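What TrEMBL records for this protein:
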- 218-343: coiled coil (COILED)
- 399-496: coiled coil (COILED)
- 532-573: coiled coil (COILED)
- 629-738: coiled coil (COILED)
- 346-365: region 'Disordered' (REGION)
- 161-194: repeat 'WD' (REPEAT)
Amino acid sequence: MHSTTIHVYYTYTCELLGHLRGHNGKGPESLLVPPDDTRIISTGTDGAVYEFNLRDFHKVSDNVLKAVTYNCGVSDVATVWVGGNDRKLRQFERNKLQSFVEYNLVDASLISMSISQGMKLLFGGCEDGTLRVFNTYLGEKLMSANKEAGTATRSITIESHSTHTGLVTNLALAWDESLLVSVGEDGVVVFWDVVAPQRGLGKELQYSNELMMDRRELEEIAKQVDHYKSQLLDLKQRMLQQQSKRERAHESQIADLAKQYEGELEKQKDMLVSLEAEKSEQAIRFTEFMAELDEKSKRILNQTKEDYESKVTSLQERSRQLKSLIEQRRKEFEDKAAVIREEAAGEKTETQLQHKKRLEDLDEENHQLVLEKTKNDAETEAMSKLLEEDNDVDIISKKEDYEKRRREQEEELSAIQAANGAMLSKENLNRADLEAKVADVNEKLKQQSGLESQIESAKRDIDALTNEYRERGETIAEKERRIYDLKKKNQELEKFKFVLEYKIKELKAQIDPRDEEIRSTKEKLTNMGSEAEQYQQSSENLSLQIRSLRQKRAGNQKEIDGLHEKLKNVEEQQSRLWTEIANVYALCDESQGTPKERNARLKEMAKALLEKYTDPKPSSIQKSKVLSARTAADEVREYNRQRDHLERNLTSLKKKVNKDVENNRSDRSRITAENVILIREINDLRKEARTLAAKAGVVIEVDPTGTSAYDEEWQREIHAQNAEITRLQELSDDLEAQLKLKGIPPPQ
């Protein structure tokens, strides 16, 4: 499944056969394949149930509930079961998927399901961790009775089991439908035995109280048990010896480490003394540095104060000059502005009057010209009517004169307009100059305000510097007091200087031999480290061997327990068989009748006994033929048989105790012999080590008590052997005490 599309592949060749589409949102949640393998049913989180045909990959039927999200589903031949998040179980018919029946689950929603077609059971895992069992046969009957969709009137829940803490994520049913496996979010896997109502519980086999077993098998089992016990004792002894060796090695390592720690402690003490001397020197250098720093800070402070005072006076003088210059420029600008305004106003009025007068003259001339034109037009028209041919030349000349005069008037008018534009441009230039001067004045005022703010900030800086100067004076006084105190301490330290130098000389004289000792101990420590690694590896190998032997012992113990259980069951069956045989014999012996009748009766009862213990399912008639009642004679015989059995057990226990005592004595003698051999080997090794040391010219190290390292090793070995002997002696005493309590005389 990829997104909302279902892809169908051929499992042998991984060939893509087709696509199934229809779901929205996150896509299908589960796929159901009915037993006929011709269709596939899908349920999704979009509340849809679709049935697709696997031949043409088309949708056959569907059912959509948008308000529901389906979590899981299963299908059989004719029914589809689906569980949603609305805490309901829905049952659909496969042929339509439209009619369905709802079953309320009340307090939980189904997360996973599995169906058993043979037993007509539906298993569902819920979100609250419970496992519920539903009767699908009853559901099919209810659905056939109610053809319309709706909520079921009856519940099909058979039982509910609290299993997991959290969601039951998956359920799986075995192929024979006899085992159910549930998996939850809590990481627990639970196996369930499925018991159908028609199947019933499996019948348990009945075993007899007695068992027929060969004595040779019992002896072999007893020999194996004794062999395992002896191996266990050997392993314990080896482990104890290895543990004692490791303890001795650890003790020697601890002693070496203690010596090394003492050497390091002496080094740290020497380093502490050197650090204290260096600290005193640094304190003296620090006092000198602080004195130089105070003098330097005083000089810098005085210089900065003088610089700031000169800077402040220069700034104040400059501000006064700028103020006077700004006032002078302002007066000049105001005078010039007034003159320019008066000149501009006078020129403007004059130009306006001239322009107006000129325009009036031009208008009058134009009017006159128009009048003349009209007059001339009239005259020309009149004359044209009379003298058209004679006066053409005069008319053309007059017309040309008129046009020439008109052009001259237009040129004069354009010149007047150009003069007017020049005057306007000049006025605009004067206005722009005035605005520029006003802007310059405003800029000067801004500069003045900036200078005033600088003066104020300089004043604040002066106040801050004065405060800093006062604080530094206080700190200088405090440091002078500290310098005086440090000088006193320096005088006191000078008193101890001579004593410390003398001690340093003595310690240096002691350090040289200690360095050689430390070097030699380091070499020994590296050698011991390599030996410790070898011991560690051997210890790990031994631990692995011990673990494997323990596992073998556990397996053998389980086999022995199983054999004991089988032996007990066989003994019970044998005792039951002997009791019934004795009852049959006694009944036949005591019954009345002819010998032939008694023989026939005995034959029938023996046949019934044979069929009872050989046939796994005897009939009721055969069971009735066997007599199970026990008489007083039977009780006496049973008592005698039990007494004989206990006496045989007591004799076997006595033999076993005697054997254990003999083994203990042999072990004690063997350990003492091994101890003597070890002591002899230790003495030989000590002599060989002394001869080798004498040849090599090496002096064997001796501790302050006068014993060498070999003597210490020998003492430890003797101590371990003595401890082992005392332990074995205590074990022997305990065994003898147990024998006395049981009334068995101890072996001599």
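Keep in mind that glycine also has a Cβ here, set from the backbone N, Cα and C atoms.
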When pLDDT is averaged across the repeat 'WD' (161-194), the result is 89
If one takes Cβ-Cβ under 8 Å and requires six or more residues beyond its ends, the residues near the region 'Disordered' (346-365) are 409, 412-413, 416, 420, 423, 427
Summed over the repeat 'WD' (161-194), the DSSP helix, strand and coil counts are 0 helix, 19 strand, 15 coil
